[in-house]
Amino acid sequence: MRPQELLLLLLMLKWSLAHTEDPAFPHLGDSSQPLPRPCPWRCSCPRDDTVDCAGLDLRIFPDNITRAARHLSLQNNQLRELPYNELSRLSGLRTLDLHSNLITSEGLPDEAFESLNQLENFYVAHNKLSVAPQFLPRSLRVADLAANEVVEIFPLTFGEKPALRSVYLHNNRLRNTGLPPNTFHGSEVITTLSLSSNQLSYLPPSLPASLERLHLQNNLISKVPRGALSLQTHLRELYLQHNQLTDSGLDATTFSKLSSLEYLDLSHNQLATVPEGLPGTLTILHLGRNCIRHVEAVRLHKARGLRYLLLQHNKLGASALPKGTLRPLRALHTLHLYGNKLERVPPALPRHLQALVMPHNHVAALGARDLVSARALAELNLAYNSLASAHVHPSAFRRLRALRSLDLAGNQLTRLPEGLPASLRSLRLQRNQLRTLEPEQLAGLNKLRELNLAHNRLRVGDIGPGTWHELQALKVLDLSHNELSFVPPDLPEALEELYLQANRISHVGPEAFLSTPHLRALFLRANRLHMTSIRAEALQGLTHLRVVDTAENPEQVLV
């Protein structure tokens, strides 16, 4: 090297070093500061592999998306189509979210997916697709095409996907003709399939054997073909409610092979009997709103693990549940019989039953032993039946020592039942014909927190002295819509909410609430109060009071 060239090289090196250390030019020598991350306009890129363009009202696919993107969010925009060139170059995508756009099938090029050979999560729900993509990548794990207008699926839409676990197709327009027999061929680990709210007329054949959750509610299904559910031994939840199933559309083997089934919903169909072949693993059986008139014990004898049996709104009459029908159900926790035509409590209730819910029936009597077998009952609802005090045995409730909630609203009771258990927390007796309250009727209820006596015929003079004495835990007392002329005296000290609306109260004296220092809410609307009917001293000691309702009285009341 010639001396002149060497001198020039040394001068250049010196200049470079000087400017590298110059604080005025930190970007020239500071390698710790990364170059600006490429990101589409208005979008955010919180990480090198994430591009978030959600909710920007975009009408065209954004440009300048880095090839390094693994997660692309475009949901909640106005996109109608995806350009093949832009999408196909993003070959490293793992997640593509197109939820809630205006994308049509014509605007979603099948060819683009051939390049997305690492795509795992594909969300295109709430768009305008009329057919599914003919091909989706083999790498797919989750596919959500719900809430479109899809009428046809293709063999390679969901077939040959060894990693696919969840498919969502609910709220489309699928008929059975739009599902090829090999829809899920080669996809052997699918655990969740949602086909609800379509137009299927029978249960599709060749469903994946790996299924754990199958949603078929809100279709037109009238039949489950024989063997359609013979391989789904992992199925835990099956939803068939709101269809058109009849007894002839099921047979003894329909559910018998489902050896893992825990939840079966057949409500809102046209079944006249309980289905045969129920598996022993079943925990919840929902048969509400069918046409069932009779329950045969043999139909339940294998379902020994059943904990919740829901039979509300059927046509169960006086002999619908003969003695012994429920005996095999030793684990039964809850029995729903709401809205039938039962005239008595079912005999021989399971001993571990904790909730018996049967309002809106025709029950007219309660005998001494009607509930004796269900000593574990914690909730008993017999509201809106035809119970009269004369036909409720004094010992009907006496042995229910775990009972916490008793609802007898809407019956024909003229007095409180005798023998109420001390364990009660809630007692509902509204809309009866109660005329008297005596201390003996509420004796021992020192755990009661809520007492509803609304819509009866109670007068203050018919409430015996000391009636409230033992209700030491009472927080809520509803005496609305009775015939009270003033606030009942000596109310429970723990009381926090007092409902006295729609009575005949015309005056509230200074001593009215001396016994209730913890009162938080007081309702006196629609009485006979005038401007100065409430003495100022009446409310002075109520430091916790937050609500005083005196509307709809003859005059505006000063409080």
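Even glycines carry a Cβ here, placed using N, Cα and C.
Taken from Swiss-Prot, the feature N-linked glycosylation site covers Asn64, and the record attributes it to sequence analysis. According to Swiss-Prot, the feature repeat 'LRR 1' maps to 66-89. Look at Swiss-Prot and you will find 90-115 tagged as repeat 'LRR 2', backed by sequence analysis. The repeat 'LRR 3' annotation in Swiss-Prot covers 117-139 and rests on sequence analysis. Marked as repeat 'LRR 5' by Swiss-Prot: 161-186. Per Swiss-Prot, repeat 'LRR 6' is recorded for 188-208. The annotation repeat 'LRR 8' is assigned in Swiss-Prot to 233-257. The feature repeat 'LRR 9' is assigned by Swiss-Prot to 258-281, with sequence analysis given as support. Taken from Swiss-Prot, the feature repeat 'LRR 10' applies to 283-302, supported by sequence analysis. The feature repeat 'LRR 11' is assigned by Swiss-Prot to 303-328, with sequence analysis given as support. The repeat 'LRR 12' feature in Swiss-Prot is assigned to 329-352. Residues annotated as repeat 'LRR 16' in Swiss-Prot: 425-444. Per Swiss-Prot, the feature repeat 'LRR 17' maps to 445-470; the stated evidence is sequence analysis. Per Swiss-Prot, the feature signal peptide maps to 1-20.
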DSSP state at Asn64 (N-linked glycosylation site), helix/strand/coil: coil
Non-local residues, at least 6 beyond the ends, that sit with Cβ under 8 Å of the repeat 'LRR 16' (425-444): 383, 404-418, 450-459, 462-471, 478
Rounded mean pLDDT for the residues that make up the repeat 'LRR 1' (66-89): 96
In contact by Cβ distance (the repeat 'LRR 17' (445-470), the repeat 'LRR 11' (303-328); 3 or more pairs under 8 Å): no
Close approaches to the repeat 'LRR 12' (329-352) from elsewhere in its chain (Cβ under 8 angstroms; 6 or more beyond its ends): 288, 300, 303-318, 320-323, 358-366, 370-371, 373-376, 382
Residues from the same chain, set at least six apart from the ends of the repeat 'LRR 9' (258-281), whose C-beta lies under 8 A from its own: 212, 217, 229, 232-247, 250-252, 287-296, 299-300, 302-306, 310
